[in-house]
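Annotation source TrEMBL lists GTP binding site at SER205, LYS206, ALA207, ASP208, GLY257, SER258, SER259, GLY260, VAL261, GLY262, LYS263, SER264, SER265. For CYS338, CYS343, HIS345, CYS351, the entry in TrEMBL reads Zn(2+) binding site. Per TrEMBL, domain 'CP-type G' is recorded for 159-315. Sequence annotations record features per position, and here TrEMBL assigns domain 'EngC GTPase' to 166-313.
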Amino acid sequence: MYDEKPKNHCLNCTQPVCPLRGFQLRNRIFLVKYQKSAGLCTLTNQRTFLFEKQEETILTTLTKLGWNEDWQKKAGSSAYTPARIITEYKNLYKIQTDSTIYLAEVTGKFRHQSQVREDYPAVGDWVMVSLPDGEGHAMIHEVLERKSKFSRKAAGELTNEQIVAANIDTAFLVMSLNHDFNLRRMERYLIAAWESGANPVIVLSKADLCENSDKKAGEASAAAMGVPVLVTSAYEGTGLETLKTYIDEGMTVAVMGSSGVGKSSIINALIGEEKMLVNDIREDDSKGKHTTTHRELIMLPEKGVIIDTPGMRELQLWESDSGLSQGFQDIEALAGSCQFRDCSHETEPGCAIQQAIEDGELEQDRYDSYVKLQKELAYLDRKSNKREQILEKKKWKKISQYQKQIHK
């Protein structure tokens with residue numbers, strides 16, 4: 001079929017093909033076919049063609065996934081290949097490189113150096129990997145420093161962080177306009193979104209099942225403190241075009257919300273096909289059933305990528321350096337107007353918060369929610385400090401054991 005020449009040589013001469021790292025045999029065969037048909041055989045032409053081909057692939061795939069100059073700087077001069085985590089399984093990951101999807105696992109060194117769960121890759125992470133020569137898994141050597149992460153406290157008694165989505169630009173916080181509508185839950189999601197570093201957008205879904213959607217949208221806007229609130233219906237197509245304006249080239253949007261609020265229906269509408277499985281709502285309480293069972297990053301047909309997440313029955317906050325203040329700017333502004341600096345906002349004279357509640361300017365439920373979240377975060381902070389002390393102790397114990405082995 002081909003002339004008898006070494007695999008790394010041009011068919012028309014004896015000059016070797018440029019051995020560009022990362023190009024496998026199939027790329028060289030393609031190059032040889034191209035050279036023979038185009039009459040190329042010089043070493044310069046071979047190299048130029050290879051580099052142009054690689055650049056074209058990066059621009060059409062990695063850039064769409066969100067790769068840019070900032071990520072390139074973080075990768076530095078690494079000899080490994082950049083890839084993005086698109087699905088996370090128990091001990092494996094599905095990754096997307098510039099041209100191919102692989103199954104991947106972390107290296108033994110990576111596992112040894114990782115102390116806590118959040119050190120491991122999460123959906124949306126950029127990682128540096130070595131690719132398999134044939135069959136087998138790609139190996140993850142490094143997770144590039146995250147620019148944002150939407151986290152929650154992992155379920156259970158242990159104080160562990162669970163990263164729901166990494167490196168997101170915008171968080172669509174979905175709440176249905178039927179029985180799921182809950183302003184207190186929305187406030188909780190907003191705090192987590194502000195803390196993540198992403199820009200939140202409130203998405204009120206299933207408008208076709210609600211008779212007073214405008215009233216509820218007004219209530220949500222009042223509690224959202226300037227965050228955009230969009231009324232949508234995937235069934236009727238309402239609000240979807242407006243939703244698309246929040247997705248741009250290279251951007252990553254995560255879709256968050258409780259079980260059955262219509263996240264999968266919204267994603268299907270944005271994709272333009274029935275990619276995500278959709279379940280019907282229960283007839284007895286109009287609540288949805290679990291549809292999405294794992295987190296997944298999906299490239300949209302026009303621009304941007306979207307991360308679908310499983311419904312969360314509860315969202316326990318992980319931390320809040322500024323999220324609580326951003327979510328309750330009105331209350332913190334009132335607190336600054338109290339007569340006494342150490343006002344507990346209970347029975348002290350000149351309390352601006354109690355006066356606002358009495359005058360109807362501040363809802364008692366909203367203030368109670370603020371106090372509850374404040375106490376929850378304070379408790380979590382105490383537990384986290386204790387956890388950090390334990391981790392530090394374990395780290396130095398491991399170092400000590402290693403040094404003893406060296407000096408034996």
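Cβ from N, Cα, C; glycine included.
Shown on the structure are the features that TrEMBL records.
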| residue | record | Cβ within 10 Å |
| --- | --- | --- |
| SER205 | GTP binding site | 29 |
| GLY257 | GTP binding site | 26 |
| SER259 | GTP binding site | 17 |
| VAL261 | GTP binding site | 27 |
| LYS263 | GTP binding site | 28 |
| SER265 | GTP binding site | 22 |
| CYS338 | Zn(2+) binding site | 19 |
| CYS343 | Zn(2+) binding site | 18 |
| HIS345 | Zn(2+) binding site | 17 |
| CYS351 | Zn(2+) binding site | 21 |
* So, by DSSP, how many helix, strand and coil residues make up the domain 'EngC GTPase' (166-313)? -> 43 helix, 34 strand, 71 coil
* Pairwise Cα distance for CYS343 (Zn(2+) binding site)/SER265 (GTP binding site) [Å, integer] -> 47
* Can you check which residues sit near ALA207 (GTP binding site), meaning Cβ under 8 Å from its Cβ, same chain, 6 or more apart in sequence, and list them in order? => LEU177, SER213, VAL231, THR232, SER233, GLU236, THR238, GLY239
* Have a look at the binding-site residues CYS338, HIS345, CYS351 and say which one has the shortest Cα distance to VAL261 (GTP binding site). => HIS345
* Structure fact -> Among SER205, LYS206, ALA207, ASP208, GLY257, SER258, SER259, GLY260, VAL261, GLY262, LYS263, SER264, SER265, the record's GTP-binding residues, the widest C-alpha separation in angstrom comes to 19
* C-alpha spacing of GLY257 (GTP binding site) relative to HIS345 (Zn(2+) binding site), in angstrom -> 32
